[in-house]
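Q: This is the structure I have questions about; it appears just below.
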Amino acid sequence: MWGAAQEPEAATMEQGLEVALTDFQSAWNNVQHHTDEISSDRLLVRRGQAFNITLYFRNRGFQPGLDNIIFVAETGPLPDLSNGTRALFGLTGHHGPSPWIASLETNGASSLEVILCAPPVAAVGRYLLKVHIDSFQRSVTAYQLGEFILLFNPWCPEDSVYLDSEPQRQEYVVNDYGFIYQGNKNWIHPCPWNYGQFEETVIDICLELLDKSLNFQIDPATDCALRGSPVYISRVVCAMINSNDDNGVLNGNWSENYLDGINPAEWTGSVAILKEWHATGCQPVRYGQCWVFAAIMCTVMRCLGIPTRVITNFDSGHDTDGNLIIDERYDSMGRILENKKKDSVWNFHVWNECWMARKDLPSGYGGWQLLDATPQERSNGLYCCGPASVRAIKEGEVELNYDTAFAFSMVNADCMSWLVYRGKEQKIHRDTNTVGNSISTKGIQSDDRDDITENYKYIEGSPQEREVFLKALQKLKAGRSEDPHQADSQHSTPEPRSGDGLWRLHTPSLRPRDIVQVSLKFQLLDPPHMGQDISFVLLALNMSLQFKDLKVNLSAQSLLHDGSPLPPFWQDTAFITLSPEEAKTHSCRIPYSQYSRYLSTDKLIRISALGEEKSSPEKILVDKIITLAYPAIIINVLGAAVVNQPLSIQVLFTNPLSEHVEDCVLTVEGSGLFKKQQRVLIGVLKPQHRASITLETIPFKSGQRQIQANLRSNKFKDIKGYRNVYVDLRL
């Protein structure tokens, strides 16, 4: 970046050194600082790492004994030496009073190349660089040299976000696409996502987001001074991704009514959302759910230079009262009832991990920190969660900042089941294994899924896991003067859980002959595809030496991914007689015509069976979560992908339903491949119809890229597909 020096702030004396031009060497510096993907025209550097600029003089060259040059770097609306948002530093090498460094590289006849370096603790953000020149004690002349942006530096060992693995830095800072895992623990499905953190204007939107925060609005000077701390920045960003307290980026919506916005399932990337937020004067974009909040947070944090990844927790606890118990209630058909207390187990929940040192915590709790931008509970008055040390979560150190107790409950709360019958509630089971399964993130420089459950908890059922749970419970009790749920929070030995979602629901004081000794289990006969009937069997096994007469109530209901039940749409009753040690199956089929009207966007169906035996008061509950799958969009790249050369991309998609669908829209995007998201109006698709379109684009960035596509209609919202593409620099 070349810049003419602005008019001096004081008149120059004859023979005083005059700056004519400044070259920020943006293209070269940005490559060295891993910011060349953002821009080659303006300077973006990382703290703790040197960068070069060249000053060109109008009248003569720099004379070391005659001329004294002082650089000034300022950030924020109220730059101040005492709080670190203003720095003065001369050409003194490494021994000056300021932590900022300037040293002479090359002194030419009429130019001066200087090496500058911001300290590894400097506040990140937009800086103005000035220079004061004092030539032989004549009046001081001051010039504005230009603006630059300073970012966190995970390549610098002295930076608190330093990550010592280059493959991890490439994945968690540089990679601009990835996968967010959805579905359920038995059917984990990758959703492709375009993070696009290096797309044009995204860095400016990220800095605007910091300036729109409540912290900045209330006290801009202090806010800017604290921007050197990744702990502070991460909490500010986390609160700004949702819009519950401020004009944050996204409005959350779990109502299934998205008529005045975009269904969260339709998004395929962060860039379109951030650009819409900026273009509308920072009005929250409608709508997001947990994976969209986490994806936007990932984009912003990677853009600022903090290593970040997106995490999915299957069967995620939401404990509203902090007693590490999730209460779930069932009716006599085994159907989930709406929970008045709002405790719930989310089918999956998505958050972030950011890598940073934690000097505010005891030693050993740095590294990956959980941050959850989905607005669930307040933290110090704002809807944000974290950073909570992942190691602290695993060890049950729930008193450590920030929000570690809530984070612990998401992965390790116990579930209490209650049977609601004739107005009475009966405590029937406590399950220690349900919450926190298959905790997943994208692999390092791979499309494979990494299971990182062991980072969050010891093996379920192990002595360490129970010890940690009890330690966390004791710490929470000690932190509260009074616990209204203390009776429910006492540790009890859990009953065994067998099969896929099977509980034995005990009543008090059962005699040995009352125990049913029957196992129930669901088994799907075919993979569950959208548009097709769901066929399954209930497997009943008599494990005793007596005859058993069972009555089994079966039902099906849709769920939202946050665990909220929708009204039941199918039920059946089976009467099964079992001889000693006999197994029988009861076949079931739910037609598409029956479930289609009741399905949520999450495509989740819970089938359940509540069984009872004539001679026993004991009941058995079994359930199974089914996620209905769509046929993926297929993307073909026609020919070699080369920077600045035309490229044809074929997109093939299918209407999976045996009925017409209307209002079909295909969206396609990909950082470095498309300048903006492509929207193609398809209109009507006939039943089972297969169609294709070809798009033309000109790639503008080299390297590994990804194309993401989504097809929506009036009947479905999120048929997705992706294709990885390697773009060569030249033919």
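Each position is counted from 1, following the chain as shown.
Positions of Cβ are set from backbone N, Cα and C atoms, glycine also.
Pasting the relevant annotations from TrEMBL:
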| type | residues | note |
| --- | --- | --- |
| DOMAIN | 282-375 | domain 'Transglutaminase-like' |
| ACT_SITE | C290 | active site |
| ACT_SITE | H349 | active site |
| ACT_SITE | D372 | active site |
| BINDING | N412, D414, E460, E465 | Ca(2+) binding site |
| REGION | 479-504 | region 'Disordered' |
| COMPBIAS | 479-488 | compositional bias 'Basic and acidic residues' |
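Surface or core, plus neighbours and distances: that's what I need for these features.
A: In the domain 'Transglutaminase-like' (282-375), the DSSP tally of helix, strand and coil residues is 15 helix, 40 strand, 39 coil.
The Cβ of C290 (active site) has W346, H349, V350, W351, T374, H561, D562 as same-chain neighbours under 8 Å, each 6 or more residues away in sequence.
Here the Cβ of H349 (active site) has 27 other Cβ atoms within 10 Å, regardless of which shown protein chain they belong to.
There are 32 other Cβ atoms within 10 Å of the Cβ belonging to D372 (active site).
Under a cutoff of 8 A between CB atoms, and with a sequence separation of 6+ in the same chain, the neighbours of E460 (Ca(2+) binding site) are T432, N433.
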Q: If you measure E465 (Ca(2+) binding site) to D372 (active site) at Cα, how many Å is it?
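A: Spelling it out, the Cα of E465 (Ca(2+) binding site) and the Cα of D372 (active site) are 23 Å apart.
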Q: Where among the binding-site residues D414, E465 do you find the Cβ with the fewest other Cβ atoms within 10 Å?
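A: Counting other Cβ atoms within 10 Å of each of the binding-site residues D414, E465, the minimum falls on E465.
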Q: Cα-Cα separation of D372 (active site) and D414 (Ca(2+) binding site), in Å?
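A: The separation of the Cα atoms works out to 21 Å.
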Q: Compile a sequence-ordered list of residues in the same chain as N412 (Ca(2+) binding site), six or more apart from it, whose Cβ lies below 8 A from its Cβ; state 'none' when nothing qualifies.
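A: Sequence-distant Cβ neighbours: G317, L324, I393, V435, G436, Y456, K457, E465, V468, F469, A472.
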